[in-house]
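K.L.:
My questions all concern the structure below.
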Amino acid sequence: MNIVAPQLTPVVTTGSLPASTKIVKPGTLYPDLRVPMREISLHPTSGEPPVTVYDSSGPYTDPAHVISIDAGLPRLRESWIKARGDVESYDGRIVKPEDNGFATGERLTPEFPVRNTPLKAKAGRAVTQLAYARAGIVTPEMEFIAIRENLGRQAAKEALARDGESFGAHVPDFVTPEFVRREVAEGRAIIPANINHPESEPMIIGRNFLVKINANIGNSAVTSSMAEEVEKMVWAIRWGADTVMDLSTGRNIHNIREWIIRNSPVPIGTVPLYQALEKVNGIAEDLTWEVYRDTLIEQAEQGVDYFTIHAGVRLAYIPLTVNRVTGIVSRGGSIMAKWCLHHHKESFLYEHFEEICDICRAYDVSFSLGDGLRPGSIADANDAAQFAELETLGELTKIAWAKDCQVMIEGPGHVPMHKIKENMDKQLEVCGEAPFYTLGPLTTDIAPGYDHITSGIGAAMIGWFGTAMLCYVTPKEHLGLPDRSDVKTGVITYKIAAHAADLAKGHPAARIRDDALSRARFEFRWEDQFNLSLDPDTARSFHDETLPKEAHKVAHFCSMCGPKFCSMRISHDIRAEAQKEGLEAMAAKYRDGGDLYMPVAEVAKTPAGE
């Protein structure tokens, strides 16, 4: 049930999903940990236990939690952060008019009511999860993640059936806190967890873990408001978004972001270049390192968990895009390309990259190294410009790692299916197995309005090949700013892609939900089918369009086939008949031959052509 609390500002969706209960699992190394999951109850006639699933929705789906958007979420990680003894509080920078696009009066979004003093690393310290992992420290965040990734399972007494092709990924039967630490230490996974975003519930991005998805939100200069964007965030995580990127490009960027972060249980990412551009009135040529640096600190103090930095767009690569069908389609990439050409010099993002690392390590802001030269059409896929930038991102990854900064790499884009695996293989090779984070890719260019589907195909494939996080695409891609409905469609599409990838990789727990739903389907437990689905509301609605009565919820057919042509009902009849007449013996008789009608010996005697 989606409950809207009208007294809150802004209004957000709360309430449990159907047949679902919020449960928590305690820690062992850190007994005070309470790791949230969702338990889906099944009908008593099933004789099956509840199905436990990963839950990124935060307190919004917990009926026991009182939501107060004006106060923000509980500061879950605050005590963990301070207990490490390597951070200090300070006054922070003053909010300036340009931070909100010079909005004033009624056009200015109200400040978030609660002001928190920002934290930063003490002098000479790195407060990143990578630094802790390299030092051999298993943090509370790491144990929290291990429990989450196991979907509530205890260490298996016997190995689960593994069925899949992992393409070199090493997904263990059971994730331990030490495994999490080692993957982070090796740079194969990141934990986006800014010390100024203690409200976030720890999660991990890496190819040896569950495939994650990101949802983009954000206002534009044309439309949307703070209330709409906060609700989009809550709505996105309700349906399974693991992270959210605020890509606001209009006014009030600072204040809108504060409302989002304070109420977000998932990591928040941004593209700082967008806000920096607003500060210079949208004139790319007027951007400076000083404006950009100030923006990084502003956002780090607020609690942004990962920055998209387009530092791989170099002056020498821009001519490589001239003969493309669609040129440079990345907003950040085009902004930096314009700046480089105007000043005829190397990007300040590239030249000041080590200083950017110093800022990120002081707050534990992870890098999402942007693919500013990604292909915007399948004609441009895997071209010289795209792969030249990827090589540079590999070089920048090593610099960031040397500074104890966490890194993931952004990828395309528009890529036909036969060229997708080359992207994954090359990224693993040149970026040292840093996590890959891709936008789709879209596998064809002919379907505006359906690009959630064209990209979902590519997302499932590249997720199987090893991409750690998939950035959703909505039906509005290339057409307009997504609304609440588009956000849900994009998230569900990408949850399908991510889950399909987990199944194909042979993740040990991935099939539990599939098998439970398949059994419910075969046994005509309609309510269980609805409740186990990624979108129970839509599944129930589609069923009830033609069979709306409660009696139909126990019927052994649906409107597609009716009672006489239902294959599963016929299968039940066949089983019953088999038990009655002892056809098991007949099946055994022909099992070796594999032909129900003619024994192998008779087949061998039959002349060809008869």
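Every residue number used here counts from 1 along the chain in the order it is shown.
Backbone N, Cα and C atoms are what each Cβ position is placed from, and that goes for glycine too.
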K.L.:
Name the one residue among His197, His310, His352, His478 that Swiss-Prot lists for the same substrate site as Asn216, Met245, Tyr274, Ser330, Arg331, Gly332, Asp371, Gly372, Leu373, Arg374, Glu410, Tyr437.
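P.N.:
Matched candidate out of His197, His310, His352, His478, per Swiss-Prot for substrate with Asn216, Met245, Tyr274, Ser330, Arg331, Gly332, Asp371, Gly372, Leu373, Arg374, Glu410, Tyr437: His310.
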K.L.:
Sorry to bug you, but what's the C-alpha spacing from His414 (Zn(2+) binding site) to Ser330 (substrate binding site), rounded to the closest Å?
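P.N.:
Distance between the two Cα atoms comes out at 12 Å.
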K.L.:
What's the CA to CA span in angstrom from His478 (Zn(2+) binding site) over to Asn216 (substrate binding site)?
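P.N.:
Roughly 14 Å, rounded to the nearest whole number.
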K.L.:
If you measure from the C-alpha of His414 (Zn(2+) binding site), which of the binding-site residues Asn216, Gly372, Arg374 fall inside 10 Å?
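P.N.:
If one measures from the Cα of His414 (Zn(2+) binding site), the binding-site residues that come within 10 Å are Arg374.
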K.L.:
Which one, from the binding-site residues Arg374, His478, has the smallest tally of other C-beta atoms lying within 10 Å of its C-beta?
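P.N.:
Ranked by other Cβ atoms within 10 Å, the binding-site residues Arg374, His478 bottom out at His478.
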K.L.:
Restricting to the record's substrate-binding residues (Asn216, Met245, Tyr274, His310, Ser330, Arg331, Gly332, Asp371, Gly372, Leu373, Arg374, Glu410, Tyr437), give me the longest CA-CA distance in Å as a whole number.
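P.N.:
Farthest Cα pair among residues binding substrate: 20 Å.
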